[in-house]
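Q: Structure below; questions to follow.
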């Protein structure tokens with residue numbers, strides 16, 4: 001009886017979608033503080049520590065030469081010997097050589113001190129950006145086919161496939177020790193995410209047919225996404241600092257198993273349920289200017305936070321000398337305010353006008369991004385990141401229901417393809433953002449990156465006005 005009631009319940013469908021989005025986005029953000037420091041520790045410090053012991057004796061006297069005085073203003077007397085060379089390799093070797101003879105003097109500053117190897121960190125911006133972008137690029141490729149698949153066989157099977165792939169990806173993250181394996185795990189996550197998000201959002205749109213109810217349900221489901229983003233980065237940084245790299249991923253793998261059990265109970269993954277009416281083709285939807293405006297708003301607003309993910313931790317390591325646990329905590333204000341924004345504007349957006357809500361949201365995203373480089377420490381990031389999360393919550397909670405509404409108004413009410421487009425827009429932000437962000441930071445610096453993406457958001461915001469009163473197709477009227 002309980003299972004029969006569960007399968008008929010709209011709320012339990014909402015719970016399953018909420019948990020799936022929560023896990024996907026926890027995995028998305030849990031790696032943000034872990035990967036930059038993990039790669040730095042294993043590839044830069046690890047490589048140098050193997051070379052250093054052989055050179056300890058010759059390196060120390062050599063470093064006490066001319067560079068000593070030029071670096072005096074940056075370091076105190078105990079650490080001045082560490083950074084006395086312009087050559088990156090010598091610099092690292094010097095670090096090791098000074099660390100071995102005098103552990104009490106030079107060890108304490110290292111965890112909170114700025115990491116050495118400026119050139120390595122500059123290259124790492126690009127590599128970490130590509131690693132983060134790989135998930136979204138793969139998701140981008142798979143979304144259209146998943147949209148077509150859901151139109152043919154329903155939402156249950158794709159949802160369960162997404163869970164299986166996500167579980168495998170999470171376990172891979174836990175035990176991967178090289179850049180290549182981490183890259184494969186991230187790309188695999190993109191495939192699982194494509195199945196989960198397209199099938200999940202399409203399922204919600206088909207179960208909640210009333211526009212007002214659908215807006216509320218989408219707001220709650222996006223709250224799962226927000227909660228994942230909220231918990232992910234701080235949870236990852238604290239667990240990595242105090243327990244180890246594998247621990248956060250093993251916890252997520254356990255949660256994924258619980259989600260799979262919930263899906264088996266409620267969603268009947270063996271049941272094939274094709275749509276009774278034929279959905280509007282993907283390319284027809286892509287030619288609709290109103291759907292494109294909504295997709296563009298989703299893409300550019302999320303691109304801002306996507307560019308921050310790989311670049312902000314490295315910028316904090318270089319300029320604020322932040323310890324590991326702070327790298328994830330910096331994203332906490334954005335995540336909390338995103339959670340508040342999606343839940344608040346899931347209801348409010350319908351009353352004030354979703355077009356106006358997204359227009360204001362995009363303008364605030366731009367202003368918040370312009371303020372990020374002004375921060376001198378982690379406390380200076382609270383305001384800009386909080387504003388950024390709140391504004392992205394406004395845009396997401398307005399645009400996801402608008403996508404369903406536009407299909408109802410102007411096309412056939414089958415939602416697989418339109419939520420594939422929404423997810424593609426979301427993924428384009430998370431693909432273009434990190435992949436270009438790292439390269440732009442290396443070329444012109446982090447502050448200019450924030451100015452560029454901030455101005456793009458402010459310039460795009462007025463286009464949301466076109467969504468104020470979209471016309472219906474004649475046969476719909």
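Every residue gets a Cβ built from N, Cα and C, even glycine.
Those TrEMBL annotations? Automatic predictions, nothing curated.
Got these off TrEMBL a minute ago, pasting:
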- 101-112: compositional bias 'Pro residues' (COMPBIAS)
- 62-472: domain 'Major facilitator superfamily (MFS) profile' (DOMAIN)
- 91-114: region 'Disordered' (REGION)
- 12-35: transmembrane segment (TRANSMEM)
- 161-185: transmembrane segment (TRANSMEM)
- 191-208: transmembrane segment (TRANSMEM)
- 220-243: transmembrane segment (TRANSMEM)
- 249-269: transmembrane segment (TRANSMEM)
- 290-308: transmembrane segment (TRANSMEM)
- 328-348: transmembrane segment (TRANSMEM)
- 355-375: transmembrane segment (TRANSMEM)
- 387-407: transmembrane segment (TRANSMEM)
- 414-433: transmembrane segment (TRANSMEM)
- 445-467: transmembrane segment (TRANSMEM)
Q: Which range out of 161-185, 355-375, 387-407 gives the transmembrane segment (445-467) the most CB pairs under 8 Å?
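A: Looking at each of 161-185, 355-375, 387-407 in turn, the most contacts to the transmembrane segment (445-467) are made by 355-375.
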Q: Counting only pairs at least 6 apart in sequence, do the transmembrane segment (161-185) and the transmembrane segment (249-269) share 3+ Cβ pairs under 8 Å?
A: yes
Q: May I ask which of the stretches 12-35, 220-243, 249-269 has the most CB pairs under 8 A with the transmembrane segment (191-208)?
A: 12-35
Q: Grab the same-chain neighbours of the transmembrane segment (12-35) for me: Cβ-Cβ under 8 Å, and only residues 6 or more beyond its ends, written as numbers and ranges.
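A: Those are 6, 128, 131-132, 135, 159, 162-163, 166, 169-170, 173, 182, 186, 189, 192-193, 196-197, 200-201, 203-204, 207, 217, 220-229, 231-233, 235-237, 240, 245, 248-249, 252, 255-256, 258-259, 262-263, 266-267, 309-310, 313, 324-325, 327-328, 331, 335, in sequence order.
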Q: Kindly state the mean pLDDT of the domain 'Major facilitator superfamily (MFS) profile' (62-472) in the predicted structure.
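A: Per the prediction, mean pLDDT sits at 77 for the domain 'Major facilitator superfamily (MFS) profile' (62-472).
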